[in-house]
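What Swiss-Prot records for this protein:
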type: BINDING; residues: L116, G120, H121, L122, E240, S348, P349, F350; note: (6S)-5,6,7,8-tetrahydrofolate binding site
type: MOD_RES; residues: K224; note: N6-(pyridoxal phosphate)lysine
type: SITE; residues: H223; note: site 'Plays an important role in substrate specificity'
Amino acid sequence: MSLEMFDKEIFDLTNKELERQCEGLEMIASENFTLPEVMEVMGSILTNKYAEGYPGKRYYGGCEFVDEIETLAIERCKKLFNCKFANVQPNSGSQANQGVYAALINPGDKILGMDLSHGGHLTHGAKVSSSGKMYESCFYGVELDGRIDYEKVREIAKKEKPKLIVCGASAYARVIDFAKFREIADEVGAYLFADIAHIAGLVVAGEHPSPFPHAHVVSSTTHKTLRGPRGGIIMTNDEELAKKINSAIFPGIQGGPLMHVIAAKAVGFKFNLSDEWKVYAKQVRTNAQVLANVLMDRKFKLVSDGTDNHLVLMSFLDREFSGKDADLALGNAGITANKNTVPGEIRSPFITSGLRLGTPALTARGFKEKEMEIVSNYIADILDDVNNEKLQKNIKQELKKLASNFIIYERAMF
């Protein structure tokens, strides 16, 4: 029996989502379009298999084939990131980070991470997160120019003496200097933990410096710029840390791994290892630079005055409208983005004075410089007259026509 016959409600809603993804423009920096081959194996019989433990050391029988699958995922991950050890079992980036903390430090120890309001992530010590409740957290941020001042980070680290320093961000448009972070970590005797969830796809293509050999441990999601399934990974070059990480993930915070997702990670890694991937990642950065240049030419303020990666962060501190207003206006025109706090923020986190835009998903559809210039100018048109609903409606129709030339999926399920 087909899904349409068995559960028409879910079938219809899934197809409405297909329509939304195909007709609109996805510009949330953390979202992307994965391969049909990835989704195909995620919907396979591998979802039936329990496999607590690790390859060759399972608590259940019948794991000979899933052992081979997980081993393949591990080997591809190691090759991709040029590291010695990899754990591919984390169900998400947040659980990967939780596993890193559990492996490296003890509850109550101090961690130093980027402030959430400056572009960090919840799991880097934010008080509302378990990372900010189980561990004592302190923060560094960006200056008013939107960039990390590494001397300021050094001063904070020397004062706070953390056991672990987290480098990585969810809304930082510039290159992260992992070597400088390692210098600082060594000076205070801390572990350096790099969370590259947002930039991993650029890193493996040589479009952003690698955290190796500087970081003791590296985590990432497998979606975002990697375009794989939703999930997490942890990597290191230290055998003893690898053992601690494995124990922290299982049996520490997870039980049976999601073997259908681990297989999908392996498929994604195969794509990431291809020459085609390097072309894609380069275009992601090129498209982001086109976006940044058009917006600046149209007199909009960007945090750090540009971008080195896949995203731009707009600041509306000099405007009458908020990030929430901008988010809504773009949404009415068929562009999905997200409001975001900015350095010098004057509004609440639920309103904000910024907007984060990313190019990974549009690039996955085949958008290049020509299309990005069109889209970027439409964004500027909308934000120049943010309350003009008629304009938003007209632009939505124009963008729908543009999107129809770049269909990413022909069907909702694979």
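Each residue, glycine too, has its Cβ placed from N, Cα and C.
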- Which of the listed binding-site residues (L116, L122) has the least company, meaning the fewest other Cβ atoms within 10 Å of its Cβ? L122
- Message: To the nearest Å, how far is the Cα of E240 ((6S)-5,6,7,8-tetrahydrofolate binding site) from the Cα of the residue listed as 'N6-(pyridoxal phosphate)lysine'?
- Response: 29
- Report, as a single number, how many Cβ atoms besides its own are within 10 Å of the Cβ of F350 ((6S)-5,6,7,8-tetrahydrofolate binding site). 9
- Task: Would you count the other CB atoms within 10 A of the CB of H223 (site 'Plays an important role in substrate specificity'), including those on all shown protein chains?
- Result: 26
- Task: Specify the count of other C-beta atoms within 10 Å of the C-beta of H121 ((6S)-5,6,7,8-tetrahydrofolate binding site).
- Result: 23
- Note on the structure: Cβ contacts within 10 Å for the residue listed as 'N6-(pyridoxal phosphate)lysine', all chains included, total 26
- What count of other C-beta atoms do you get within 10 angstroms of the C-beta of E240 ((6S)-5,6,7,8-tetrahydrofolate binding site), across all chains shown? 8
- Query: What's the CA to CA span in angstrom from F350 ((6S)-5,6,7,8-tetrahydrofolate binding site) over to K224 (N6-(pyridoxal phosphate)lysine)?
  - Reply: 23
- Provide, as an integer number of angstrom, the distance between the C-alpha atoms of L116 ((6S)-5,6,7,8-tetrahydrofolate binding site) and K224 (N6-(pyridoxal phosphate)lysine). 19
- Message: Can you tell me how many other Cβ atoms are located within 10 Å of the Cβ belonging to S348 ((6S)-5,6,7,8-tetrahydrofolate binding site)?
- Response: 11
- Looking at the binding-site residues G120, P349, which one has the fewest other Cβ atoms within 10 Å of its own Cβ? P349
- Message: Rounded to a whole angstrom, what is the C-alpha distance between P349 ((6S)-5,6,7,8-tetrahydrofolate binding site) and K224 (N6-(pyridoxal phosphate)lysine)?
- Response: 23
- Note on the structure: Per DSSP (helix/strand/coil reduction), G120 ((6S)-5,6,7,8-tetrahydrofolate binding site) sits in coil
- Query: Can you give the largest Cα to Cα distance in Å, as a whole number, for the residues L116, G120, H121, L122, E240, S348, P349, F350 that bind (6S)-5,6,7,8-tetrahydrofolate in the record?
  - Reply: 43
